[in-house]
Every structure is written in structure tokens, then in C-alpha cells.
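Read the structure below first, then the notes.
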Amino acid sequence: MTTSTRSAGSAAGNTLRRGRRRPVESIVQVLLVAAALVSIVTTVGIIIALANPTIEFFQQVSIVEFFTGTSWTPTFLQKAYGVLPLVSATIVVTVIALVIAVPIGLGSAIYLAEYAKPGTRKVLKPVVELLAGVPTVVYGFVALFALNPLLQKWWPTENGPGFQNLLIAGIAMGIMIVPTIASISEDAMSSVPRSLREGAYALASTKMQVSTRVVVPAAISGIVAAVVLGISRAVGETMIVTIAGGLTSDRVVFNPLEGAATMTAFIANISSGDIPVGSLDYDSVFAVGALLFLITFALNAVSIRMVRRFREVYE
Amino acid sequence: MSTPTLTPTRPDPSAPGAALTQRRSRPGELAFRVAMQSCLAVAFGVLASLLGWVLIKGWNRLDSRLWTEMPTGLTSRLDTAGVQSALVGTVWIISLVAVICLPIGVLSAIYLEEYANNTRWYNRLLELNIQNLAGVPSIIFGILGLGIIARTLGLGFTVITAAIVLSLLVLPVVIIASREAIRAVPQSIRQASYALGATKWQTVSRQVLPSAVPGIATGSILALSRAIGEAAPLLVLGAVTFITFNPDGLDSAYTALPIQIFTFIARSQSEYTELAAGAIVLLLTIVLAMNSIAIFVRNRFEKRW
């Protein structure tokens, strides 16, 4: 560094003609490339970590059984490896979470982007972002000890929700992803150019018409990206479903008042216990992990594409 | 954050159409506005009451016992139980994450923004890869740690394994935030620096990076605070037993705050529930304080060119 400073006078010409070797510059370049490669190594590492045990798993369990079996009981004496119970529980929780988070998140975003005064917005937007940082173990805790007792107390019929159930896990997860959906779709709505709104006002549209028929359609790819990201977070969320969602996986459960293990809850439960390395149970963790990785990979690809589209149009 | 506000009308600058439609009262309009407003109110209300409930639930445990005493699995000793080992474990892990993750993240961002030719396929692949990693579920990183770092590399279930896994988990956050901060530095600054005879690295290290520090700091703090709250990958990495000693090195067994909270929750006695609530208040205080600092730094120090 010091040598290059001292000879700064002649440096410009040198850079143009690439005459002098500058060791610092080339060392830095190597360091930068090495740092950038860490993320590639991470992805490769994830794929290798998942692939080997998954291949071993499928040498003992047929793919058909894995994808069509309706019982997942690796810890029972009568072992069965059908992944459908885990998938169905994941779907039930995700749907409940979306039913709650999409309307509330979008409504909040519309209010922040279109109605709130700049001063109010300047205060509220950071608060929304702050809430997105609440650790998920906290949501699991309040779901189990605060929300579920309330739900059980207020439940109108006899057969109310159990101690752990998919409904309460879904509700807590919905509350968890509201800030994410609100924050990202608000960004998308704010980046819709003002001229579009003014054009609509010039045609005598009301504020509601501008919001619902101009701003939301114009920001739709950003909003879809926010929702897809919400789905991806819900599918991959672990702590809430492990704490409040239940453990049943020997049959497909669609009733949200019952407890059932999601893919992530199964991984968390079984791998936090003592399982011998190389056993089929150990491998099953990785097989479910591989499926989870593929699902979220597809969701992320959709989300990335959508975000790119709305950037292309308006920025 | 960046809505252009051009309208000079003072009373309601956010509603340029308001003046035109004021004559007729439109019940639908009002209902819509109230509905949107109540969405936000419900979101805030629910979250605030839940956090308030945790505070009340843990109130009895919010004293010095929390950080001076060790966790215990014995119900008889619960009166003198705290989370010291978990707190110290969290401090260990986060310090290591900062040391491992921040340099790699910032250097990657510099490469992508200043050095990489983004018409090349490998650089575009690198970018897509980072965006995708940002969305990979945290428990998958736990599996990476279990399969590769703990077993194949033989680092075991130790502080350093946890720190590496969490570093990789939050690396995309640091990279994406740092890239945005670097990109926001105007091209003219770089050109002026080159015109004065500076080399590429001199320009980056003395002009671009100092200007990008607030954005990088914001992203880094948010990333660290996320790492503090993550429990899922550590769950896979076997950090679930009651550890009654503080970690004393990189190869030490450990526990961390969110994991300790999880083990308290898994016990059914109500004393454990209270202790969990107390520990959650401690965790939330740390995480929300860090996030507030990050948002404050961004809003206060970020240069607008």
C-alpha cells in the first residue's frame, strides 16, 4: 500500500498501459475472488451434504413409496417412509399462514404506500422492519402458551384444538410473515411512478380506485414476489411448528385442529435426538431435507424472477 | 421510503386527488381507507400485545439471576436458575460470526460491484446463487453443518461449528446489503479518484468503502441480530442439553439463548415457562436494540448523493 502511494504520480499512466506490476492490486483481486467463492462453496456443500445420504436412503426405500406412502414412522418398530404426512402438514400450516398474512400484509402495505402521511410513514415503516426481526422461537412460545389457550377457551364446539395443533402454528406463522409481506410489497408500491397515479386522478378516479386498479396492478410482480417469499419462509420455518405444531406423522392429517409434524419439524425433532450415523433414520433426515431444499429452491427462483421483472419496468 | 412528494398543498400532501373528490362523500372510499388502516393496526396490535404478554409472563424472572445463574434441568433448583451459559455462548458465537462473516461478505460485495464483469455467465451465476442462498431455510444450513462441518471436517458439535454455520447462513444478508451500499456511491467519485492517479484498490478502499460504511454497518448489524435469534440450525447441531458451564474455547460444547429458550419450553412445569419468558425478554432486548441501531444508522448517516 505505502509503495503505491509514494509513486502515485506515475500511477495513472501505468494503469492505462498496465506497465508496472502492482502486487497489492493482484493480491487484493485474489482475496476478493476467494471471498466470492465462499457462497458457491456453501451451495456445493449443501448439495453434497444432502446428496450422499439421500442416495443411500433411496437405495433402501423406493422413490414410489417415498412420494406416495401415507405413513411416516422412522422411529416406530413398524417403519414406513411415505413423506405425504409431512408434506400435507406443511401445506396446511402454510395455507393458514397465508390466509392471515396476505390480506393483513397487503392492507398494511397499501395504507403505508398510499394513505399514510409522509411523517407517519417515516415512523411506521422502520417499526414494521423492526418487527420482521423478532426471532421465531418467540412466536413458537406465544403460540403455545398465549394464543392456543385463548383459542381453546373461545372454541365454540366440543372437540376443540389440542395442546399442539396445526391451526395455532399457522396463525403464529401468519403473524410472523406479515412484516415481511408488508415491507416488500410496500417497496414495490412505492416504486410505482407518480405519473401513473396522477394520470388516473386526472381521469377522475378516487383514491381507492387508484390504489386498487392502478398501483396494485402496476406493482403486482413485486407483490407476488413478496407472497412467494412469504410461502418460502413458511415452508422453511422450523421453530414455530416444532414447538406448537405437534409430532404426529403416522397418517395424513388435514384437520388443522390436530397436531402433525411438518418437514422441518421432523428434521428438528429427530436430529436433536441421538441417532446413529449412517442408519436409515439418519439418512431419512437428509432425504426430507433434500425435498425441502428443492421446494424452497423452486419458490425462490419464482420470487427472484418476479422481483427482477418489476425492477426492469420501473427503475 | 422514497415516495416523491411534489404536491405543494399543505393540508394533506399525500393525497393529490383529495381536493378534487372532496365534494361528494363516498362511503366506500372511507370504508376502504379504514379497512387498510385497521390491517396495520391489527398487525401492530397483535404483535404488541404478544410481546407485552411475554413481558408480564417473565416479569418475576427479570432480575440478575438471569445472567448470574446457570440453567438447570432440576426442578428443585429452579429458583436459582438463569441463562448465563446461554448468554455467554451467544456472545461467543456472535463474536465469531462477526469475525468470519463480515470480512467475507464485504469482500464478496466489493468483488461483485467493483471488479466483476456482470456480462460473464459465472458472475451472473454467482449473483443468482447468493440470491437463492438468502432464501434457503435455516434448518438446511443446520444439515450442512451436521453432514459436512461437524462430521466430515470433524469439528464436532462445538462453538466453532455453530459459528461457521450461522456465518454462512447470514452471509447473503451482508453481501446484499453491502452491494446496495457500494452501488449507491456515485460513479463520479470513482472517476475523480482515478483522475488523480489512484489505482483501483486505492479508489475502492479510500473513496468507495468509507462512503458505503453506513449501509454496510446497517446490513451487518441486521445480519448479526438474525444470527442471534436463529435456533433451528443449532437444534440440528445437537445443542439441546442443559450446559451448566460457559464455553472456554472454540472446541467447547455450548448452548445459546434461543436454544436454551427452546429447552425450557419443552419442559411442561410452569416455572420453566416463566424462565423461558424471562429469557425471551432478554433475547428480544438484544435483538430489537441491535435492529433499532441498524435502522437508526441507516436513516441518520446514509449519504444522499
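Each position is counted from 1, following the chain as shown.
Glycine is treated like the rest: Cβ placed from N, Cα and C.
Keep in mind that TrEMBL annotations are predicted by a computer and have not been checked by a curator.
A quick note: this is a predicted structure, and the numbers were derived from the prediction, not measured.
Annotation source TrEMBL lists domain 'ABC transmembrane type-1' at A:87-303.
Listed as Cβ neighbours of the transmembrane segment (A:27-51) (distance under 8 Å, sequence separation of 6 or more from its ends, same chain) are residues 286, 289-290, 293. The transmembrane segment annotation in TrEMBL covers A:27-51 (among others).
Counting residues 6+ beyond its ends, the transmembrane segment (A:80-106) has Cβ neighbours under 8 Å at 61, 65-74, 166-167, 169-171, 173-182, 185, 223, 226-227, 230-231, 234-235, 241, 245, 248-254, 256, 260-266, 284, 287-288, 291 in the same chain. Positions annotated as transmembrane segment by TrEMBL: A:80-106 (among others).
Outside the transmembrane segment (A:127-147) by six or more residues, the chain places 108, 112, 164, 168-169, 171-173, 175-176, 179-180, 182-183, 186, 237-240, 242-244 with a CB less than 8 A from a CB of the stretch. Annotation comment: TrEMBL describes A:127-147 (among others) as transmembrane segment.
Under the heading transmembrane segment, TrEMBL lists A:167-189 (among others).
Under the heading transmembrane segment, TrEMBL lists A:210-231 (among others).
The transmembrane segment annotation in TrEMBL covers A:284-302 (among others). Here the transmembrane segment (A:284-302) has long-range neighbours at 46, 49-54, 57-58, 61, 66, 74, 81, 83, 86-87, 225, 228-229, 231-232, 235-236, 263-264, 266-267, 270-271, 275, meaning same-chain residues at least 6 beyond its ends whose C-beta is under 8 angstroms from one of its own.
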